[in-house]
Every structure is written in C-alpha cells, then in structure tokens.
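Marked as domain 'tr-type G' by Swiss-Prot: 7-189. Per Swiss-Prot, GTP binding site is recorded for 19, 20, 21, 22, 23, 24, 136, 137, 138, 139.
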C-alpha cells in the first residue's frame with residue numbers, strides 16, 4: 001500500500017490515570033467529529049460494560065474511526081483506540097499502544113501526574129510513539145496548569161511547553177486537541193513487506209458473530225472471504241466480514257494497511273485469537289509475527305464456590321462464557337471438604353478478581369463464596385523438582401519440601417511529599433526493601449521491592465488511606481525469592497478446613513494464627529456443644545479459642561426435690577452433649593471464609 005493513501009490516517013490512544021477524564025474527552029472527540037448524533041450521546045460511550053460505567057474505569061480496549069475535517073481543509077481519518085488505565089490490565093495497554101503512532105497523555109490539572117500514567121507513558125515512549133500532553137479539567141477552581149506542565153516535565157521527562165489545556169466536560173479547546181493529533185502525530189509508515197500482518201488489539205465474544213477481533217493492519221489488506229492464519233496457534237479461519245466502529249459497527253469491503261477495525265471469522269472462543277497475536281494470510285503467510293506477543297499469566301488465584309451446590313453447572317457455564325471475553329481468566333475444577341465443588345480461578349490482580357466475581361453474580365445471578373486470594377509460590381521439592389503452587393491446601397508434606405519461594409514485585413509509588421513517612425512505614429510493615437527515592441517537584445517517587453502476597457490483600461486500599469487518596473501505585477513482577485514460609489491450617493473440632501489454610505512468613509505465623517482464631521470465634525454461631533477452633537503449623541498447635549456451648553436449663557422443672565435427681569438430669573445432659581460433639585457437624589458461615597481477607601483491616 002502506498003504512503004500517499006496512508007498520509008491522512010492518524011492512529012492514537014489516550015493514556016490517563018483512572019478519573020482523569022479520558023472517557024469524557026473521548027466522548028467529546030466523537031461528538032465533534034460527528035460520530036454520534038446529539039440524541040445518541042451518552043456518558044462514556046466506549047465503556048460498554050455496566051461495571052465499567054459504575055466504577056468509572058475502562059477494562060477492555062475499544063476503538064472508533066472518525067473522519068475529521070481539519071482547518072487546513074483536508075479530511076483526516078482518526079482511529080482512536082481506548083485503553084484500560086488500571087495496573088492489572090497493563091499488557092492490554094501495551095498492545096493498544098503498539099497499534100498506534102501517537103498518544104494523548106491526559107493529566108488532571110488539579111491532581112497532577114499519577115503513577116499509572118507514568119508507567120503507560122514510558123511504554124509509549126519505548127515503543128516510539130509521539131506523546132502529546134493534554135491538561136484536562138481546567139474549569140476546576142483548583143486547576144493549576146503550570147504546575148501540571150512542570151510535573152509532566154519533571155516526572156515523565158517529555159516537553160510540556162505546548163501542552164493543550166482543555167476541559168472535556170464543557171468541551172473547551174477540544175478542537176485544539178484534534179488539530180494537535182493531526183499535526184503532531186505522524187501517519188503510519190509503510191513496511192517493507194507486502195504480506196499481510198495485522199495485530200490483534202483485543203477480542204471479545206458476540207452471541208451472533210462469534211469472536212470479534214479488533215485489529216490494526218500493519219501491512220497488506222484483509223477482505224471478506226480471505227483465509228487467515230493466527231500465527232501463534234497456526235489455526236486457519238475464513239473471514240466473514242470486516243469493518244470499523246464509528247462507534248456503531250459499520251461493514252467495509254476491506255481493511256487496508258494503517259487502518260484499525262474489526263474482523264469476524266467465526267472463531268469460537270477468544271483463545272483462538274489471543275490479544276497481541278498476529279494475523280496473516282494462510283496461503284501467503286508473513287515470514288515472522290509482529291514482536292511483543294506474550295501469553296497472559298495469572299498472578300492471583302482464589303477459589304470460587306456456589307453457595308447452593310445445585311448452581312455448580314451454571315457456574316461452569318458462566319465461567320466458560322466469561323472466558324470467551326477474557327483471555328486472562330483461568331479456571332479448573334476444585335473440590336473442598338468445607339465448600340463442596342467449585343473452581344480454582346486465576347486472575348491478573350485484585351481488581352480483575354473483583355470484576356469477574358461481580359460479573360458472575362450480576363450477569364448470571366449466582367451466589368458465590370470466594371476463598372482468600374493467594375499468589376503463586378514456587379516450591380522446590382527434596383527430589384529437585386520445582387512445582388508452581390496456587391493453592392495452600394496443595395502444599396506437599398513438610399518432609400518433601402526443600403524451600404518455598406514467593407513472588408517479588410517492584411512497586412513504584414508516586415505521592416505528595418507530606419505522606420512519604422506513612423508510605424515508607426506501610427512498605428516496611430509489608431516486608432518491603434527500599435530501592436530508591438526520587439524527588440520530582442512537589443511529588444516523590446518511592447521504589448520498593450515487596451512480596452506480592454502482601455500486596456494482593458489490601459496494600460492498595462491501605463496506600464490510599466495513609467495518603468488520603470493522593471498516592472498512586474504501579475507494579476510489575478520481578479522474581480521468586482526463597483524464605484521461611486509455613487502453612488497455617490485451621491482446625492474446627494479437630495477437622496482441618498482446607499479453604500482457610502494460609503501460607504505465611506514464619507515470623508508472622510503466631511500472630512496470624514491468633515488473629516484468625518479470634519475472628520472465627522466471633523463468626524461461628526454457638527452450637528449445643530463446645531466448638532474448639534485451633535490454628536496449627538504442621539502438627540504444632542499455635543493458637544486456640546473455644547466457642548462455648550449453649551445450654552438448656554434442664555433443672556427448670558425441678559422444684560425442690562432431691563439433689564441426686566438434679567445430678568441425674570445434669571449427667572444426662574452432659575452425656576448427650578458428648579455424643580453430639582462426636583457426630584455434630586459445625587456449619588461454617590460464608591463470613592468466616594472472608595475473615596482471612598479482613599484480618600489485617602482492624
């Protein structure tokens with residue numbers, strides 16, 4: 001394809017932290033280019049999932065192609081690819097950016113630069129994108145445009161002297177953003193090979209069309225009837241239709257080099273078209289795929305069990321359907337003595353886990369119990385083999401374990417200066433080791449290496465509370481480190497409850513065991529017999545509490561009378577309690593399983 005036909009195409013995405021006004025700016029751009037009529041406009045046009053709307057976050061990538069008549073009289077084709085902003089979805093962001101030549105960096109004029117936008121901006125710069133700074137929310141009384149510019153230059157290190165000040169809410173200066181896109185972001189450059197290469201930016205499942213893939217054609221063209229090959233799996237599929245989003249779905253005869261659009265090829269599930277993969281023609285394939293593709297690895301695991309055992313087949317079906325849209329979700333059947341049948345699910349992070357659980361409950365009307373999330377540990381066995389363990393209940397016997405290694409992450413925290421002491425204290429409590437501190441204007445960048453297990457539970461919430469919401473976090477996995485880890489088991493009346501097992505650092509084992517026993521004591525309802533709650537490491541009991549039995553007053557009917565009569569009744573009651581204790585099962589309520597999650601939140 002010639003460079004002339006590409007000259008008026010601009011592919012760009014928006015990098016922004018959660019709540020900095022990315023989706024609102026996208027709405028304004030769509031409106032200005034006439035993508036939707038005024039009556040069809042609704043807030044957050046591109047966030048199509050109700051959870052995305054409610055939480056004000058973007059989970060899946062979306063795209064929209066818009067014609068724009070610029071001031072120089074030429075019509076440009078703008079392809080805007082929306083990206084998720086949360087740290088859990090950083091791989092999806094890198095794929096969206098790989099499909100662009102430029103990016104708008106949106107910064108809130110009142111809040112300044114946040115860690116997540118820094119991480120994504122570095123990704124954009126590494127991939128050679130032209131980054132255009134945009135300072136949003138200038139209509140706020142607390143907006144400080146000069147400070148925001150200074151922060152962009154100090155923290156990210158790009159020139160912000162010609163940053164565009166806008167208010168996406170009122171629509172002020174949005175036209176200037178479009179002009180900046182046209183004049184500052186370069187058009188796509190033709191590749192040297194003519195063979196088809198298309199990057200899959202995202203895939204989702206449609207009940208009528210099968211998998212719809214959002215693609216950026218790097219070279220060549222795709223048209224209906226072509227036979228495509230997915231390069232990582234080697235499978236072939238016939239194209240049904242191609243087109244673009246305007247943001248409604250519009251069918252086109254072909255997608256050419258430099259364009260971004262959708263492809264349907266009756267693929268049955270998103271694993272057949274993984275994000276970041278390359279599409280090529282089956283009859284005339286490209287010599288090599290586009291760089292950067294990687295399998296998504298779940299980092300956090302939790303058990304999901306239906307409250308009602310009859311819902312198990314429905315849960316399986318719901319997870320199968322969700323997986324069609326969510327390539328990062330992994331699950332396998334699991335049975336637990338305490339909870340019955342369910343699934344062990346793998347997620348990218350805590351936000352991903354919450355969203356999946358919320359979608360299962362809301363869209364499929366399921367009542368679910370989730371166990372405490374755990375990370376994947378590496379276990380070196382005495383025979384020299386290494387296993388990955390995502391469930392504490394599956395830890396091999398102590399005499400077979402040489403060492404346990406936990407995942408370590410590198411966390412970058414950006415915070416205003418006054419909260420630095422609180423944040424360092426929090427990181428030290430979480431067994432972190434400091435890597436460095438950089439002072440960048442009024443912001444401070446603190447780098448720590450932390451055990452992922454400490455971050456998974458409540459680190460993000462605690463970070464927000466010690467910094468009054470101002471600190472922001474970005475993290476990535478670095479390595480596995482060996483340490484003195486033990487498994488704490490909970491025994492109720494001598495029976496081990498596998499769903500409550502935890503893996504903890506030996507120095508924390510006693511404290512966590514005591515806290516867990518105390519918490520369980522509050523949550524397990526009183527029975528007709530004493531319930532012993534114990535925490536154990538191996539065969540050693542490290543903590544114990546007892547839920548006292550309820551007693552019926554068996555002497556109430558004895559008015560006076562011989563003491564032996566009373567003794568007989570009390571003995572009979574005691575005998576009954578003893579028998580009950582032998583056969584009695586203790587029902588453990590749902591809250592007790594969540595106790596593990598809330599232990600640190602006291």
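In case you wondered, yes, glycine gets a Cβ from its N, Cα and C as well.
For the domain 'tr-type G' (7-189), the model's pLDDT averages out at 74. Annotation note: residue 23 (GTP binding site) sits in a helical segment as assigned by DSSP. Shown are the binding-site residues 23, 136; the one with the most C-beta atoms within 10 angstroms of its own C-beta is 136.
Counting only residues at least six positions away in the same chain, the Cβ atoms of 106, 108, 136, 137, 168, 169 sit under 8 Å from the Cβ of residue 21 (GTP binding site).
In sequence order, 109, 145, 165, 166, 167, 172, 173 make up the list of same-chain residues 6 or more apart from residue 138 (GTP binding site) whose Cβ falls under 8 Å from its Cβ.
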